[in-house]
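According to Swiss-Prot, the protein carries these features:
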COMPBIAS  317-348  compositional bias 'Pro residues'
DISULFID  CYS56-CYS69  disulfide bond
DISULFID  CYS60-CYS75  disulfide bond
DISULFID  CYS77-CYS86  disulfide bond
DISULFID  CYS93-CYS104  disulfide bond
DISULFID  CYS100-CYS113  disulfide bond
DISULFID  CYS115-CYS127  disulfide bond
DISULFID  CYS173-CYS186  disulfide bond
DISULFID  CYS180-CYS195  disulfide bond
DISULFID  CYS197-CYS212  disulfide bond
DISULFID  CYS218-CYS231  disulfide bond
DISULFID  CYS225-CYS240  disulfide bond
DISULFID  CYS242-CYS253  disulfide bond
DOMAIN    52-87  domain 'EGF-like 1'
DOMAIN    420-561  domain 'MAM'
REGION    266-370  region 'Disordered'
Amino acid sequence: MAVLLAAVLASSLYLQVAADFDGRWPRQIVSSIGLCRYGGRIDCCWGWARQSWGQCQPVCQPQCKHGECVGPNKCKCHPGFAGKTCNQDLNECGLKPRPCKHRCMNTFGSYKCYCLNGYMLLPDGSCSSALSCSMANCQYGCDVVKGQVRCQCPSPGLQLAPDGRTCVDIDECATGRVSCPRFRQCVNTFGSYICKCHTGFDLMYIGGKYQCHDIDECSLGQHQCSSYARCYNIHGSYKCQCRDGYEGDGLNCVYIPKVMIEPSGPIHMPERNGTISKGDGGHANRIPDAGSTRWPLKTPYIPPVITNRPTSKPTTRPTPNPTPQPTPPPPPPLPTEPRTTPLPPTPERPSTRPTTIAPATSTTTRVITVDNRIQTDPQKPRGDVFIPRQPTNDLFEIFEIERGVSADEEVKDDPGILIHSCNFDHGLCGWIREKDSDLHWETARDPAGGQYLTVSAAKAPGGKAARLVLRLGHLMHSGDLCLSFRHKVTGLHSGTLQVFVRKHGTHGAALWGRNGGHGWRQTQITLRGADVKSVIFKGEKRRGHTGEIGLDDVSLKRGRC
């Protein structure tokens with residue numbers, strides 16, 4: 001009986017515990033999505049949110065960008081996207097097998113198939129031979145629209161030409177379709193356009209964006225002002241102003257000579273200490289004594305005329321004092337009278353001169369008359385002045401210099417002097433086109449203004465060349481030279497531009513060469529040695545080369561670059 005009562009008590013306790021279960025171990029119901037049983041209670045599972053009674057929706061954090069949430073933090077991406085949150089573009093063109101037969105171009109969230117010329121794109125992405133497209137002979141392929149063949153252009157900046165086959169460029173700058181930001185100008189390109197900073201501005205990243213910033217040409221040394229001028233930076237450019245004492249446009253400043261005009265009339269200078277009088281209002285200046293000697297210094301030879309004007313004879317009285325006392329001389333007829341003081345006689349070197357009339361001594365004062373006029377013919381040319389000996393100073397004729405001055409010294413005295421310059425706007429300036437060359441240098445019009453030289457197109461197969469020669473003549477003894485020129489070698493298979501020098505007989509190896517690039521460039525080459533007879537530009541082209549070789553602004557200066 002006691003055992004039975006214990007069993008009943010234990011079973012009642014078990015039932016009470018089961019009734020108080022809080023649902024900590026939920027069990028998902030198989031027949032429902034996102035529903036779980038928490039003991040005797042049914043609710044949404046973890047990672048699901050209740051939308052309506054009996055329906056639960058999964059929760060994804062972060063949300064799916066290009067897809068839908070199918071489970072807790074589980075996204076199903078739309079076609080063309082990938083990634084955990086479907087935020088990445090899927091490159092279908094890189095999949096295997098490739099989705100396109102000929103050409104594939106990936107786009108955001110999708111892709112496009114293109115066919116080669118002569119083929120037509122089918123709806124399934126494959127390409128099929130289209131006789132109509134081949135007959136259309138489109139420049140960039142074709143498309144069939146409503147049973148009609150239509151040529152296509154690959155860029156929105158291109159449009160079909162009137163012939164319906166080729167594509168021509170749309171000048172967005174001229175039509176006004178686009179507007180560039182401040183301080184930029186629109187530059188049209190084939191199929192598009194660019195906004196380029198104006199001249200004097202540079203594109204810089206400022207304040208989180210790209211802006212055209214003014215270039216300080218003065219501080220960067222990118223100006224053409226003369227060395228005797230000041231450079232002032234202005235917005236988008238600069239200006240030059242000659243310094244005090246110089247005049248010009250700022251690019252070329254010439255020294256203004258200072259002319260000092262003296263009063264008319266000769267200047268009388270006494271041999272010893274005295275005063276110098278200029279005209280009626282002269283200023284008295286004392287001539288200092290020469291050292292400790294009592295005798296006047298020997299006057300050096302000078303070109304002005306020296307006039308000896310004797311004074312009256314002073315009488316000498318027989319007194320114990322050996323020094324005679326001369327009488328003051330009468331005033332000369334000149335408007336200004338120099339004061340002269342006769343020297344007392346000494347035992348070592350008396351200043352009196354005996355005369356044939358009487359044994360009395362007399363003193364003679366020499367008055368120096370200086371002419372302040374400029375002498376037309378110098379007595380002797382200076383040794384550091386270079387004098388052309390020819391009647392005409394032609395550039396390529398004989399140019400002699402003063403004897404005793406070598407070419408090296410001439411370069412040191414005047415380095416960087418321009419001896420030749422040519423921009424080919426008015427001819428070849430002494431350059432010679434070799435007639436035996438296969439090709440020839442021809443002048444071409446520069447869109448920016450002026451002319452430049454270019455190599456003609458090759459018409460025969462094989463290597464062809466055009467040579468342009470400048471003979472230096474006697475300038476080859478000028479020492480080192482600096483050759484400066486602008487050039488361009490642009491386009492597909494443009495050819496080669498080279499520089500040679502001829503010293504003895506034929507020219508040697510090329511000093512410089514270029515076979516490609518983009519746009520105009522500036523180059524300087526130092527021609528070493530004093531035996532360079534000629535400078536040669538050689539442009540090579542082959543048949544079928546569509547590029548261009550250009551040459552402009554050639555100059556030669558003394559000294560190294």
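Each position is counted from 1, following the chain as shown.
The backbone N, Cα and C atoms fix where each Cβ goes, glycine too.
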Quick one: mean pLDDT on the domain 'EGF-like 1' (52-87)?
-> 86
Counted with DSSP (H/G/I as helix, E/B as strand, rest coil), the domain 'EGF-like 1' (52-87) has 0 helix, 16 strand, 20 coil
List the residues of the same chain that sit at least 6 positions away from CYS77 (disulfide bond) in sequence and have their Cβ under 8 Å from its Cβ, in sequence order, or write 'none'.
-> CYS64, HIS66, GLY67, GLY83, CYS86, LEU90
As a whole number of Å, the Cα atom of CYS225 (disulfide bond) is distant from the Cα atom of CYS104 (disulfide bond) by 56
Between CYS212 (disulfide bond) and CYS195 (disulfide bond), the C-alpha gap once rounded to whole angstrom = 10
Out of CYS75, CYS100, which of the disulfide-bonded residues is least crowded by other Cβ atoms within 10 Å?
-> CYS100
Long-range Cβ environment of CYS127 (disulfide bond), under 8 Å and at least 6 residues apart | LYS101, HIS102, CYS113, CYS115, LEU116, TYR119, MET120, LEU121
Rounded to a whole number of Å, the separation of the Cα atoms of CYS242 (disulfide bond) and CYS60 (disulfide bond) comes to 75
CYS253 (disulfide bond) -> DSSP, reduced to three states, gives strand
